[in-house]
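Colleague: Sharing a structure, written as structure tokens. Questions coming.
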Amino acid sequence: MPSSQAQADLWRHTLYYLTSMGLRCAVKLGIPTAIHNLGGVSSLPDLAAALSIPASKQPFLGRLMRALVTSGVFANGKERLLGGLFRLNPLSRILVEGVVAEEHHSQTSFVLAGTSRHYMEAALGMADWFKKDATGPVPTVFEDVHSASLFDESTAALDPELDALVTEGLAAHDNLGIGTIIREFHDLFKGLVSLTDFCCGDGTTSRAITKAHPHVKFTVLDLPKVIDKTPSDGIVNYFAGDLFHTVPKAQAVMLKLVLHHLSYEDCFKILTQCKDAIPSREEGGKVIVIDIVVAPSLGQVMFKEQTLMDILMLVFTRGRQRSENNWHELFTKAGFSDYKIVKKLGARGVIEVYK
């Protein structure tokens, strides 16, 4: 007979999708924002009233909140979970709508995209995908299930709302933590005259860095469909182009959470273009890569989340999360002479790569 711990582990692995759905429910109801508007802490009756939850459903709301507290989405006071106070914690604070703290935009779109029906259907298609042989480029699981690719026009044709959520959620996710990078990596941009921000959407990252480093001339490079929707702000320059063939020349090029979406071959093409766009190391030239660096040495919890993010890449993109050895191989193949990991910030690493 299996141990009670084995059974509990089985429950967790089999049913943990309910935690994701509970998180989605909390975002759809606006629970983080409601608690924020109530001063950051709320009783169950006050929360139910703020959300206009019928009295008949209040006990069920308490059970949902209990599950979300135990999973770390919210915090509680010393009072009992079902009848006490619920508080925002660092996770739920980044799910508050309409509040920007240290350039941390709300992550609600990221949650809603990641728990959407199309994402769930793609994940359910993994077993069938593994059984199918493929000639030529192997399609992603998402492509196999939906006959559409994320980040291009086919997703908009599949579901315009999903396409908007993915675009907004990716931008919010990728800009998360930029305040920390600016504070802790002041020397990263020190002495730079110009920088091309590669595939950075609406330029949020560049504008944030410009406030701390006004001497740097920023150019945001992205696809025409992205740049065309971005209003000129007079702070950074915007350049619409083919990401695989056009990188505006600058002293540095920054790739923030770009390469993990891409195959080895596409990474090679982009890195080669970036290398050609910068001057030598002696002239201050460098490529700044901010991306996940998979490492068991980060500890079991962080390593587990990195491997989870790698499965996300497997299902939805042609990319992967890479170890330092993988990054070294890529940089060498693209013709760079050297690199250094400046620092690791949780799952992410900040890497300088030299021509």
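These residue numbers are counts, starting from 1, taken along the chain as shown.
Any Cβ shown, glycine's included, is placed from N, Cα and C.
Keep in mind that what you see is a predicted model, and the values were worked out from it rather than measured.
Straight from Swiss-Prot, here's the annotation block:
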- Asp222, Asp242, Lys256: S-adenosyl-L-homocysteine binding site (BINDING)
- His260: active site, proton acceptor (ACT_SITE)
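Can you tell me where each of these features sits in the structure?
Modeller: In the three-state DSSP assignment, the secondary structure recorded for Asp222 (S-adenosyl-L-homocysteine binding site) is strand. Contacts of Asp222 (S-adenosyl-L-homocysteine binding site) defined by a Cβ separation under 8 A and a same-chain sequence distance of 6+ are given as Cys199, Cys200, Gly201, Thr230, Tyr238, Phe239, Ala240, Leu243, in order along the sequence.
Its Cβ taken as reference, His260 (active site, proton acceptor) is surrounded by 21 other Cβ atoms within 10 Å in the chains shown.
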Colleague: What Cα-Cα separation, expressed in whole Å, is found between Asp242 (S-adenosyl-L-homocysteine binding site) and His260 (active site, proton acceptor)?
Modeller: 18
Colleague: Taking 10 A as the limit, how many CB atoms besides its own sit near the CB of Asp242 (S-adenosyl-L-homocysteine binding site)?
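Modeller: Summing over all protein chains shown, Asp242 (S-adenosyl-L-homocysteine binding site) has 11 other Cβ atoms within 10 Å.
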